[in-house]
Amino acid sequence: MTLDNAGNTLTTARKLTVSSNIQTFADRVDSTDPNDFYSFSLSARSSLNIAVDGLSANADLQLIRDTNSNGLVDSGEVLNTSNKTGTGSESIRRTLDAGKYFIRVYSNTGDTNYNLKVFENFTPTSLEFKLNESTLKATDTLNINSGWVSDRNGISDLSKVDFRIQRANGSWIDVADATQFTVDPNNTNKAGFSYSLSLNSLNLAADTYTLQGIAYDKTGAASNTVRLSLTIENPGLTLTNAKKITLSEKTQTFTDRVDSTNINDFYSFSLSARGNLNLVVDGLSASADVQIIRDANSNGLFDGGEVVTGAYRTGSGSESIRTTLDAGNYFIRVYSQGGNTNYKLKVFENFAPTALDFKLNNTSLKPTDTLSINSAWVSDKNGVSDISKVDFRIQKADGSWIDVADATKFTADSSNANKASFSYSLSLSSLNLAVGTYTLQGIAYDKTNAASNTVKQTFTVTTTPTTTASATVQDWFSQNLLDQQLITLTRNLAADGNLSRQDMLDIFRNVQDDSKVDANEVKDLRTLVGASTRFSMQDPVKWLSTQVANGASVDMAASDFESSLVGRWFLGTVAPTPVFNGKTLTYTLATGNLFGSANEARIGDIDQGQLGDCAFLAALGATFGRQSNDAGNASSSVINSMITDNGDNTYTVRFYSTTIFDPGEAQYVTIDRRIATSVAAKTNGGVLWVALVEKAYAQWREWREGKPGYNIIGNGDALSRPLQFVTGRDFTPADPTNINCFSTIETALANGKAVTAARMGDSTSYIVGNHAYSVTNVYTNTSGEKRFVVRNPWGKDGKTRTGADDGFIDLSFDEFSKAFNYGVIIA
């Protein structure tokens, strides 16, 4: 007998009573009975879970609310649709307010039996808490002693109360969550909780903040949001009586005590030059922590926000910091974190090796010759005995490396105990080097593994006899270049008709062969980058090389040429100024890889950090084409071509100087793997591309506008500007309140355009206020309703969830038009 237990219209829908237990209803849809309807009512806001499986043909699923109670499915009344192809299961999960709803199971192609599974999950409710103290110092502990939350599924269904702190500029700080709940003896659906958060390690400046809490159950359903204002005052800790210490290369030990009557001990020191500080606090019998502080406003007080770095281990284990600091005045703070304890502060300054310099005795060698260096020098302010080695490697033309023997013996200069000479000899016989051009790279390391400057010298392996002179060759190089070494080197490097990034680095190293850059070398560099038809260069190499050539000046010191030009444009040694809104940032070498296992950029990698650069991140997300959830694998040709992995832990990133007044050009910056992790976009799963591109954007904007880059990009922006900088295309606005906006966006997405939207002012039910989104899809559902899909660059929905909490939000036209009052931009 054919199954037909469900109604075939809204008015005849089979009535269900949903509960927290899964209920299964078996039925059938086919050509004679294509629609099955079920109705149910919710007495309170809750999360409904619906699944249809056991299919032998394609059937789909809808969740409906008959808002005008006319017994028909009208436009705008379909809340969610699941319409996968094939016989796979369909599912909908949606948080709903109290009211009456309908489920529709309908045949798409073919006849099939099905199992409808339904259960109701009640979201946590009635979250409430109060701060014990709403005015605190940056070194205090924030406490909540009486918090409450309810869950009609029972307290065992509660997962956590998620806490975050919002700064006045709108950026967020993730902090610990409350995860321990105590059931109310009079109500098993209600629980109390307490919460304690040390503010010490958060580095909060004096300002007004907001503590936000949201309770989640084990399905991820969310409660109401509670937001409480929190004022951080100047902690009032004076620095003027700090114990003054003079750092040296030798370890100094200072013994003291912190306890309930003397919580903080301060030490002051100065650095006359950039150096590496090493400190340890040990001998503890209770928990104590240590921080390095810089009195940025010179008011003699420790203001929150002035912590450079710190060590915050729990228990009585030792604390340690090793960091590189610029010249300036600093303070060390040792403070009690729990209990009374004596301690030993051990501190010394380590100077990295400097002024590494060497030349090859001969730059033209046979495969069986010996490469030799007879006069080389390196310095170390900690003394020659601190030098460990000069690490040598040979780089092939294809960019791969050969590890070779290091120099480990050094002879102190008789007139300078901090300077040493060394020689080096390497037989090439066992390396099996083919004919070609190679680069010998050297870096000096001390015993703490601090590194010197990098020196690269180019040599050629040839089968012809080694000679110190060559016959004059009359060609473009000899006729247009002036410096004899550059003529020979460039001729060899350009033999294939191309000058690569490594070729240009070899040329720049040759320019540094003396202590300064001479007039011939400056002219030759500009001739090379201007020779548009003689040999090819990749666009980023050409543009970056032009910056180096145009920046070079006659008699420029070789060290300045390396640091301010080659280092900046090719090696990423110049990073954005490490400040953001008055806070000093610390760069950390990032671990992970560029794109992760996907091997290309994915929109799901975009997860905004503490910078207010949502318009820029939304622009990146808008380049991925059409997708409606985080499971989509759409790629972005814009992003994939925007980033070049140079293979040496540096990356070249492209932006366009396009503005409303100027079509602009492609411009490039090179960055290394250092990231300002306290503010940067998150590197979830070790995927680095978003944080690296964000850093590159700050660096590029700083170069263009002459102001600290993070301050430029991190305090909001117009929608159009970053979209043009990323795509290089002109923009057009669209009015989200005009119904034609749907077809405008549809056409734009179909043509590969990028679309962003933003809201100003207060948040709506689904959209965060003062925030930008990527518009990733528009579509018409089976009921003829026009829908818009946007993605939050936070990587999560941020407000009321629609489906999975993956940042993708599915909106009706009414919701979209009311939410995005700032407008829509297409480029």
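Every residue gets a Cβ built from N, Cα and C, even glycine.
Listed features, source TrEMBL:
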DOMAIN    605-820  domain 'Calpain catalytic'
ACT_SITE  Cys614  active site
ACT_SITE  His771  active site
ACT_SITE  Asn792  active site
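For the recorded site, His771 (active site), the DSSP three-state label reads strand. Distance noted between the C-alpha atoms of His771 (active site) and Asn792 (active site) is 9 Å.
Cα spacing between Cys614 (active site) and Asn792 (active site): 9 Å, rounded to the nearest whole number. Confidence for the domain 'Calpain catalytic' (605-820), expressed as mean pLDDT, is 91.
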